Amino acid sequence: MKFMIVKKRYNSSKSWLRKHFSDKYVKQAHEKKLRSRAYFKLEEIQKKEKIFYPGMDVLDLGSSPGSWSQYAAKCIQPHGYVIACDILPMKPMINVKFFQGDIRKTVLQDIFNSIDTTNIQVVMSDMAPNISGIPNIDIPNTIYLVESALKISVKVLSDKGSFLVKIFQGEGFNESFKKISLFFRKVKIIKPNASYLTSREVYILAKQRKL
């Protein structure tokens, strides 16, 4: 029985890898020397929603390997700056200040102590927990990350600031959407073309922070 479970997981991993490396966004990311295919998700959102403007500062939560920071840094030049943080390491890039650590612990205080955060106009989070495949574990962990990112956005965003966060549709989704709506005037659900069709992954974009 144990052998069958291991074999099933192995076959599932092989299938995922085959799908991943044949994906057009993965190929384009490699050709353009981008950090990951997630770059194209943010690019599509920006083209439709115009959340970035030159001169603004952006807080990128769960930034590694850095594709969102990479795209945002391009959009906010000249004079804009990306503040990025993640538990995992991230290679340096121009106009991005990276802090390694857990946003639920001391890293945020490190950011506030060392950088002027008064010009942050976008908080974005592409964070996701390590997926176990067990819904009773994965869903609460995902919602917890969404709510952690929301708390940070409420703390740092000024009037009319925007919040973009990854979330998975399912239990707890509606409650999270309603909670975000308490703090922002315009809230919508977005599923970029670069997101896998079979995935429950979507993004909530909230604009115009209520003060």
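Just so it is clear, glycine is given a Cβ too, placed from its N, Cα and C backbone atoms.
Here's what TrEMBL has on this protein:
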| type | residues | note |
| --- | --- | --- |
| ACT_SITE | Lys166 | active site, proton acceptor |
| BINDING | Gly66, Trp68, Asp86, Asp102, Asp126 | S-adenosyl-L-methionine binding site |
| DOMAIN | 35-209 | domain 'Ribosomal RNA methyltransferase FtsJ' |
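Where TrEMBL records a feature, it is marked here on the structure.
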residue: Gly66; record: S-adenosyl-L-methionine binding site; Cβ within 10 Å: 24
residue: Trp68; record: S-adenosyl-L-methionine binding site; Cβ within 10 Å: 28
residue: Asp86; record: S-adenosyl-L-methionine binding site; Cβ within 10 Å: 23
residue: Asp102; record: S-adenosyl-L-methionine binding site; Cβ within 10 Å: 12
residue: Asp126; record: S-adenosyl-L-methionine binding site; Cβ within 10 Å: 22
residue: Lys166; record: active site, proton acceptor; Cβ within 10 Å: 22
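Following the DSSP three-state reduction, the secondary structure of Asp126 (S-adenosyl-L-methionine binding site) is coil. Taking only the Cα positions, the spacing between Asp102 (S-adenosyl-L-methionine binding site) and Lys166 (active site, proton acceptor) is 17 angstrom. Following the DSSP three-state reduction, the secondary structure of Asp102 (S-adenosyl-L-methionine binding site) is coil. Across the domain 'Ribosomal RNA methyltransferase FtsJ' (35-209), the model assigns an average pLDDT of 93.
Geometry remark: Trp68 (S-adenosyl-L-methionine binding site) versus the residue listed as 'active site, proton acceptor', CA distance 12 Å. Mapped onto three states, the DSSP output places Trp68 (S-adenosyl-L-methionine binding site) in helix. Taking every pair among Gly66, Trp68, Asp86, Asp102, Asp126, the residues recorded as binding S-adenosyl-L-methionine, the greatest CA to CA distance is 18 Å.
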